[in-house]
Amino acid sequence: MRFLESSTIYTYCGIVLVAVNPYKQLPIYEEAVIHAYSGQNMGEMDPHIFAVAEEAYRQMSREDKNQSLIISGESGAGKTATAKYAMRYFAIVGGSLSNSSVEEKVLASSPIMEAFGNAKTAKNDNSSRFGKYVEICFNHEYRILGATMKTYLLEKSRVTFQAKVERNYHIFYQLCASASLPELQGLGLGVSEADQLELFSILAAILHLGNIRLKKKSRHGESCFIEPEDKALELFCMLLGLETSQVSRWLCYHKLVTASETFVKPMSWQQVLDSRDALAKHIYGQLFQWVVSRINRSLRASEKPRASIGILDIYGFETFRVNSFEQFCINYANEKLQQHFNLHVFKLEQEEYVEEGIPWTFIDFYDNQPCLDLIEAKLGILDLLNEECKMPSGSDGSWAQKLYDQHFHHSLHFEKPKMHADAFIIQHFAGKVEYQCKGFLEKNRDAVHAELIGLLRASKSQLLAELFPEDCDGTISLRRSNGTRLTIRPSRKSLPGTNKEHRKPISIQFKASLHKLMEMLGCTTPHYIRCIKPNDFKRPFEFDSKRAIEQLRACGILETIQISASGYPSRWTYEDFFSRYRALMSHVELSGDDEKKSCRLVLERLLRDPSKYQCGRRKVFLRAGQVAFLEELRAKTLRAACMILQSNLRGWLGRRRFLLVRAAAVCIQRFARGLLARRLVGDLRRAKAAVILQKNIKMALARRSYLRIRVAVITVQAFTRGMFARHLYKVMVLHQKARVIQAAVRGWLARSHYARLRCAAVYLQCCFRRSRARRELKQLRIKARSVEHYKQLHKGMEIKVMQLQCKLDEQARENRSLLEQLSVLSTSHAEEVERLCGEMQQLREDKAQDQHIQGLQEQLQRMELEKRSSERRLCQELEQLKQRMTELEVAKSNLKEENDALNRRVLEQSKDVEEKMCQRLSVESRELQCELEEERSRYQSLVKEYARLEQGYENLREEVAFHKHTTGFRRSPSSDSILDSESSYQSGSTALSRDEPIQQIESPSQPLNQEKDPWRLIPEQYRASSDSTTSSLSSDGEQDPLKTCILLGQLNAVRKELVRTQEELHKTKAQLAHEDKKLLRPWYIAELFGLNRSPETMVEEDLKHAYDAVQVTNRLLEEQLQEQQQQHEQEQEGLQQDIRALKRLTWQQQSLIQDLQHQQSGDGLQCQIVQLKEENLELSEQLQRQERSKLKLQKQLKNYMKQIQDPAATREAIGGQRATPAEQERPLEVPYPSGPFQGMLRCRGEDEERLVRTIITDFQPQHIPGTLPTLPSYILFMCLRHADYCQDEHKIRSLLTAAINGIKRVMKKHSEDFNVVTFWLANTCRLLNCLRQYGRDESYRQVNTPKQNQHCLQHCNPASHCQSLGDLAIQIYQQLIGTAEKKLKPMIVAAMLESETIPGLSLARPSGSRRPQGAPAYTLDSLLLQLGAFHKMLKSHDLEPAIVQQAVRQLLFLISGTALNYLLLRRDACSWSQGVQLRYNVSQLEEWLRAEGLQQSGATAILEPLIQAAQLLQVKKTSEEDAEAICCLCTALSPQQVVKLLRAYTPAPGLEERVSPCFISSVEKHLAEQNPSGPCQLLVDTAQLFPVPLPFSHSPVHLDEICLPDGLNLTFLSRV
């Protein structure tokens, strides 16, 4: 049920670990799981292969005895995978201290052996076709020294024959699949000619050997031949360096040697086939043994090991449709292992109980000794087989008949099949197996003709000749035609003989190796692991209970459970027990002389339960788990004793020191008091005499002074009183004048004060009104923005309405003008009438003019008619205008209503569009930010990997130096200087090679004076000088170091490409944001719709189409949204392509790093490095000489110029020419600025090492208080400023390189000191920020003061150096986190989960949960104090706040991940009370963050998974609603983590019920719907490092104000 429901594949059956093959990869083998099981007792954690491996490691270190892991089971049960996991555990837990990568070699040997020795069978895709025993050796500190591998019975017949569903060994398929690689070309696999690799050449030759075609000379095939033009034969001979004629001859013929003559006889077609197949098998077998020997040579221990752990991974029990000699040997080996298991578990243990006199009931078990007697006893199967092989006419049939006669009626384990004649059946412990006798004798002989072996020994291939060495006595083993062997001496040197071991049959060799293996296992303490196949179809998590029970019963697991339940697995002799646990005994128990009695007494007192132990005659027997209990008590007792000893010793030392100090103080006080008393008496006497003298003298002097003063006073009074009177008069006059001035001044002040008050009131009123106006303007803007989008969309419609309004206004103006004209006409008419009345008056008066009056009357009548007609016409026009105005007003109201409706609709749509676009932009920006963070973390992981490779390179260099020293190699002075300067070259390549393009590697015209990277500059003369070395090295099969240079250049180019791609990604993101903002602007939408035209451009026709334009607005808006969506999709595809490109670049970087690792792992790389260093040193010396000569010529030219310009300078030039050679070789002097200190320090070239030693290597900040926290960085930068002022680029590079190397050495020396690492991280960041602040980038110089701008660098571009310092800062930060993690890891589990911060809560834990013995080692307060100490150190060194926050975030991630992993791995820790306790502890961490002001750093979000895990342990877990609530609650936990916590939850007895499987399935279903991406990692990867930012921080310190303390001893630096 655990296998199907909980996916649990391990369980304990007594002392045996049973492992069920899941046929699926499970996330339970990560490095975090290894660290979780490390140091834990076997019963405390869940069953696992790591628990058994840890138990073996603990017993080896505790008892100092060799251990062994015996992994057994049927074929396909997972034995090979289990062995690999065990080896991986030992490699990580017992890693080498010398960083020699021995553990990596141990792990790397597994895939090599699997390639050469594993193949696909009918029952297993990766079946081991050989046995393997790996013995891992440990030193006195129990660290891995090396390993040894022993192999047993390789199945060589698989090379030439495979069953229908089976395959050959993996290496042949891998060779064919990799035929297109340049290294494997020329092997006859269809590719062009190239260099050959000998190992793969032999494998390819084996393949071609099987393709050689044989042709019969006669019908019956009594003889045959091979065509000379056979392509396979030519390839075979070409690959192995053999003669074609000789191979074709001796494949078809063989020699018959007698005492007097030698005959050459042809072989039949079948014999030639057998001979060809035997040759192929023999070559592959020898090649396999050679690979094993090379692996053992590389894994060989450098010193004598103290203890070892062996891992036995041997082929499992096999039964096929056709079983032959190989299956017989495999099953024979499994019978021996089963006998060892029975002997160790059943026989020896029960016999020991009887011998010791312990009450015991014998347990019946299956004993396979009769089956082994049938196989290996006298006249057994193997004995009869070897006897038949010695017979001249021996055959498989005659051997089968002898078996029937000898064992058919005499052995219960031997049967004769009914259907097959030449076959037999053996009853093994795992079942009956039928074996076919055909081929047994031939495979047991394993004979190869001596002529073919001689040809192979005469090959041109060195490896092939090494595979077949000649015998010491020069004899060879030949095979006659009848099958017998004859030993003679070779007559010709070209045909050497075979090895002597070929004379022994395979069965004898295999039997001897098995006996040696059993003896080796008998000398170790075994740990058994039984692998079980859950089904025969290799289906994941499908369990066949009947099949599993058969396997458990066959291997004795059921009896093991019975004997383990009633037995005593731990046993000690009385002497060992007394010696080990003497500390636990009281004085009464130690008083007697009988050790046996003392052991009984202490066991009765400590264990109390007699059923947990038994005392025999010679040993003490303990139940399972009691040794761990006694070990825990012993550790506590020893710890208490140590504390008592320490307290007494410290008390005695304190008392002794106090007594010495007190005696010294008393003596000093006695002498001091006497001295003070004598001094006091003398002072008193002198004081008394002085008083008497002073009294008399003072009296005389006082009288004389009194008389003289009295006369003077009287005189002075007279003059003074007159002066006072005159002065009083002047004062009174001045006072009167002052009153007048004061009156005028106070009036002026009052008026000015009033004016200021009035101005202030006016100013306040203006401010108040301005604020009110701004508020109103802000409200108006808000209102305007709310409808601004709609107004811009429909600006054309408003313009049309405005034009209609203008039209109405024009009509109104025309109407008013007409009315004015009418009023003018009426007034003119009235005036005319008045004038006519006057004239009529005159006419009346003038009777003489009657006729004229009549004419005027007629004219008046006509004018009246005209007036009436004009009035009627004006009335009509006015009515028409009124009608038109009413129509326009109606149309205007309709348009206004439609406009309002459209405004509302468009406003709603615009809001929806804006919300959608804002959401999409926020999502895309978050995704881009996440991708940028991932790229930054990948880059920093590459920096970390580069640092690891650099450290590996230093280790290789030290190892080379050590080997040279030990082998007596005397280096020349040039080689010594090379090795001494290697770190500087290496740091130069680290610090200065990242910004140079890869073309510099390939360009032969690169100037010699560029010394940035000796690996990157490869001039033509260097290449010419290294041709001979390269050719000699390539002939030995070693790697060319130039490939390493090219790979480094490619890594730099890929890094630059990554930076360029990141910049393009930033630009794309900015452009996308700009376009999105542009889309949201109203003017852009108005321009897009064409609604931004002015009213002057509108025509009368637009008024008619205004309504139609409003109707199509929505359609245009929908089309625009579709276009924007398509554009966003295209941009998203482009960004995804950029991301894929970045991932490809990252993969290329990883592949390049792997290539670098392979390049560095070559055997001859160290020699090449030394030779290249020598050549580089010679080139650098030549370069220095050229530079010195160049400077000398420049100086002479300058002197000549002075002579020409000034005759007086001639004498100075002559004097300068007489200077010493050292002075002549100095560089040109640069005039220094005169005046005050300019913030520059001058450092000579010979003082660079002294400067680095003073301010970096030996610098101790706590010894110089009151200085800047980052003083070394300022000093170094001021030296760089001086070099920049002198235009000395070489000096800048050398200073930075020396500083970086010095910091790295300090980090390596003080890697465990958190304070030192923090100090140099702050200095590195400050130096980086100084290069930015005083560099050429204007963006960093915006906050600088004018004086700081004067101190900027003038000639050097610090951009290339900033990258190197940034990488160094990242490495130091990673080391800082690693140092803090080492101190925090032991505290996390005890402080967060085991300490009882809430009193009484532990009583609510389930009864079956494990409670820690005594108080935990660490509490939550100690954890918070440690975090506070870390945070205080980070702040005290003036580190940037962003880095401090990231460090705290990383440490809290470690705390959260470790605590969560502990919950996931410990079933007894998952309970309600533990959840309450955990939530309280997390709240204390949050309170600490708030107290330190770190709540905004993102650290609270890191604790979210742990908070959710605590809440998950507290919530209700019964109904479907609870399942949905859990899914909504646990958003930061992965589905696997939630399911694991629910399965491991332990309810409180009587209060809760266990979580039902249905509820877990429901939760798992809901989680799968929420997260359809697939399975996630179960455990938190606590080794993950978040990318650290390196922000720019402006320094307010002026360089010319920095004071150098005298304690630094920097007198060799000159202030400029």
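Cβ atoms are placed via backbone N, Cα and C, with glycine included.
In TrEMBL, annotation is done automatically, which means it is predicted and not curated.
TrEMBL lists 1-635 with the feature domain 'Myosin motor'.
A 10 Å cutoff on Cβ-Cβ distances gives S75 (ATP binding site) a total of 21 other Cβ atoms nearby, all chains included. Residues or ranges marked as ATP binding site in TrEMBL: G73, E74, S75, G76, A77, G78, K79, T80.
Non-local neighbours of the region 'Actin-binding' (514-536) in the same chain are 3, 13, 15-23, 49, 52, 55-56, 59, 63, 65-74, 76-79, 82, 123, 133, 150, 152, 310, 312, 316, 332-333, 336, 340-341, 344-345, 542-544, 547-548, 551-552, 555, 557; each lies 6+ residues outside the stretch with a CB under 8 Å from one of its CB atoms. Marked as region 'Actin-binding' by TrEMBL: 514-536.
Per TrEMBL, coiled coil is recorded for 794-821 (among others).
Taken from TrEMBL, the feature coiled coil applies to 853-966 (among others).
Per TrEMBL, the feature region 'Disordered' maps to 967-998 (among others).
Residues or ranges marked as compositional bias 'Low complexity' by TrEMBL: 972-987.
Sequence annotations record features per position, and here TrEMBL assigns coiled coil to 1051-1078 (among others).
Marked as coiled coil by TrEMBL: 1107-1203 (among others).
The feature region 'Disordered' is assigned by TrEMBL to 1208-1231 (among others).
The domain 'Dilute' annotation in TrEMBL covers 1297-1569.
Sequence-distant neighbours of E74 (ATP binding site): residues of the same chain at least 6 apart with a C-beta under 8 Å from its C-beta are K123, G316, F317, E318, A430, C531, K533, Q551. Over all protein chains present, the Cβ of G78 (ATP binding site) has 24 other Cβ atoms lying within 10 Å. There are 24 other Cβ atoms within 10 Å of the Cβ belonging to A77 (ATP binding site). Other than G73, E74, S75, G76, A77, G78, K79, T80, the residues of this chain whose Cβ falls within 8 Å of the Cβ centroid of the ATP site are, in sequence order, N21, N124, G316, C531, K533. Per DSSP, the region 'Actin-binding' (514-536) is made up of 9 helix, 8 strand, 6 coil. Annotation for G73 (ATP binding site): same-chain Cβ neighbours under 8 Å, separated by at least 6 residues, are K79, G316, F317, R530, C531, I532, K533, Q551, C555. Within the same chain, residues at least six positions away from T80 (ATP binding site) with a Cβ under 8 Å of its Cβ are E114, N118, N126, S128, D313. Listed in sequence order, N21, T121, K123, N124, S127, G316, K533, K538 are the same-chain residues six or more apart from G76 (ATP binding site) with CB atoms under 8 A from its CB.
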